[in-house]
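Engineer: Dumping the structure here so I can ask a few things about it.
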C-alpha cells in the first residue's frame, strides 16, 4: 500500500486508492505522448523565438534586420505557440489519457495536420514584410502561410477533440480519473463552441473594414470562449491532482457535472450574439459579460471544495509526489485568484489588462505543468528514481508561481499609474516613478518565471526524449501510479 496512507486511514479509503492504482497500471497511449510532445515542444520554440527577439535588439545584429516588423512578428508567433499550441495541444493529450489505447490512424491524421499548422505559423512569422496584428486573445500575422498554419492547427485539434469525444465510454480505461474527464469534455466542447463563434463573427462582419478591426472583432467572441475552455481544463486538472494526491475524489460525479454545466452552458449561446452584426455592442459587450460573470463563481466554488479536501486529508500527504501535487494545486489556485483580483481593478486600457491575463493564464500553465509531471511519471518504468523528479517538480512549481505572480503584480503597478499596454521599445513612454517601479518589478518576476520555465523544460524534455529514443520504443509504456510507488 502507498506510503501516503496513514495507518489510521479507513479500509474503504484504502480500497479506493488501490482501485486507482490498478486503473493506472496501463499505458500512456501514443496519442497522449504525441500531443504532449507537441505541446511541450511549442514552449521550446516559443522560448527560442523570445531569445531571437532579444538577440535581434543588439546593435551589431539589429543592423542586419532590415524589416521593422520583425520584433512584433516574433512576438505574435511566440504568444500563439506559448498559449494556443501549448494549451490546446496539452488538452488534447489530457483527453487522450481517458483511454488505454490510442485512436489509430485517424488520431495520427489529426495530429499531423496540427503539427503542419505549427510549422506554417512559424514560416509565416519569418515572411518579410508580413503585417502583425496584435489582436486580443489570438494575435495574428496577416500572411497566408501564418493564417493557413493557424487554421490547420485548430482543425487538427478540433478533429482530435471530436474523435476523442466520440469514442465509447466503455473504453475509458486510461489513467485519467472520472471526475477530471467531465471537465476535459466540457473544455473540448467549449473550444468547439469558440470555433463556431468565430465562424458566426466572420459571417456577421460588414464589408470594407480594415485589417486590424477585422481580426480584433472576429476573434473577440471566440477568444472569450477559449478562456472559459482554459478554465475548464485547469479545473479538470485540479480534480485529477487532488484525487491523485489523496486517493479520494473531492466531489461526486453528479456535483462535478453540475459545476461544469453551470460553467459551460451559458457560453454556448455566444454564436447567437452576432445576429445583429459583429460590430454591434450586443456581441462585444455580451462576450465580456459572459466571461466576467461565468467563470469565477464556479472557480471559487471548486477552490473552496478543493481546499477543504486537502485540509481534511492533510495527514495523508507525505510522499514527494503528493507534496508536489499539492504545491501545484495551491500555485494554480493562487495565480487564478490573483488574476481575479487584478481583473476587478481594470478601469481602462492599461497594463492592468495584461496583469490580469498573465496571472490567470499563469494559473492554467502551472496546472498543466503539474499534469505534465503526472504524465511523464505515469509513462516511466519502475526505476525507483521518481522521488527525485517529484522533489524537483515541487520546487519548480513554487518558483514559477512566485515569478509569475511578481511579473503580474509589476504589470498591475504600472497599470495603476497609467502605463499603456501593447507598447514596445521606442513606442513605450514611461512618465512616472510608479511606472518605473512596475516595469522593474515585472522584469524581476519575468526573470524568475523564465528560469522556472527552463527548469520545467529540462525536467520534462528528458522524460519525453526517453519516450521516443531512450527506452525500448514499445508502443506500450509501463504506467506507474506516481503516488502508489512512493
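Every residue, even glycine, has its Cβ placed from backbone N, Cα and C.
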Engineer: For which of the residue intervals 19-36, 127-144, 253-270 does TrEMBL record transmembrane segment?
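Structural biologist: Transmembrane segment, as annotated by TrEMBL, spans 253-270.
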Engineer: Which range is it, out of 272-289, 290-307, that shows up in TrEMBL as transmembrane segment?
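Structural biologist: Result: 290-307 is the stretch TrEMBL calls transmembrane segment.
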Engineer: State the non-local partners of the transmembrane segment (290-307) in its own chain: residues 6+ outside its ends, Cβ under 8 Å from one of its Cβ atoms.
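Structural biologist: Counting only partners 6 or more residues beyond its ends, the transmembrane segment (290-307) has Cβ contacts under 8 Å with 224, 227-228, 231, 235, 238-239, 242, 250-251, 259-260, 262-263, 266-267, 269-270, 329, 333, 336-337, 340, 343.
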Engineer: Should the transmembrane segment (439-461) and the transmembrane segment (146-165) be scored as in contact, given a threshold of at least 3 Cβ pairs under 8 Å and pairs 6 or more apart?
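Structural biologist: As far as Cβ distances go (cut-off 8 Å, pairs 6 or more apart), the transmembrane segment (439-461) and the transmembrane segment (146-165) do not touch.
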Engineer: Report, as numbers and ranges, every residue of the chain located at least six residues beyond the transmembrane segment (186-205) whose Cβ falls under 8 Å of a Cβ in that stretch; write 'none' if there are none.
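Structural biologist: The answer is 88, 91, 95, 154, 157-158, 161-162, 164-165, 214, 217-223, 225-226, 228-230, 232-233, 236, 260-261, 263-264, 267-268, 270-272, 274-279, 283.
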Engineer: Are the transmembrane segment (253-270) and the transmembrane segment (217-241) close enough that 3 or more Cβ pairs fall under 8 Å, when only pairs 6 or more apart in sequence count?
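Structural biologist: Judged by the Cβ rule, the two regions touch, with the required three close pairs present.
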Engineer: Looking only at residues six or more beyond either end of the transmembrane segment (146-165), which have a C-beta under 8 A from one in the stretch?
Structural biologist: 31, 35, 76-77, 80, 84-85, 88-89, 92, 95-96, 98-99, 103, 106-107, 109-125, 127, 130, 138, 140, 185, 188-189, 191-192, 195
Engineer: Going along the chain, which residues at least six beyond the ends of the transmembrane segment (397-419) come within the CB cut-off of under 8 Å?
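Structural biologist: Tertiary neighbours of the transmembrane segment (397-419) are 324, 327-328, 331-332, 334-335, 338-339, 342, 345-346, 350-356, 358-359, 362, 365-366, 369-370, 430-432, 434-435, 437-453, 455-456.
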Engineer: Near the transmembrane segment (109-126), which residues from the same chain, at least 6 beyond its ends, have a CB less than 8 A from one of its CBs?
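Structural biologist: For the transmembrane segment (109-126), the nonlocal Cβ contacts are 31, 34-35, 38, 42, 45, 49, 73-74, 76-77, 80-81, 85, 89, 92, 141, 143-157, 159-160, 163.
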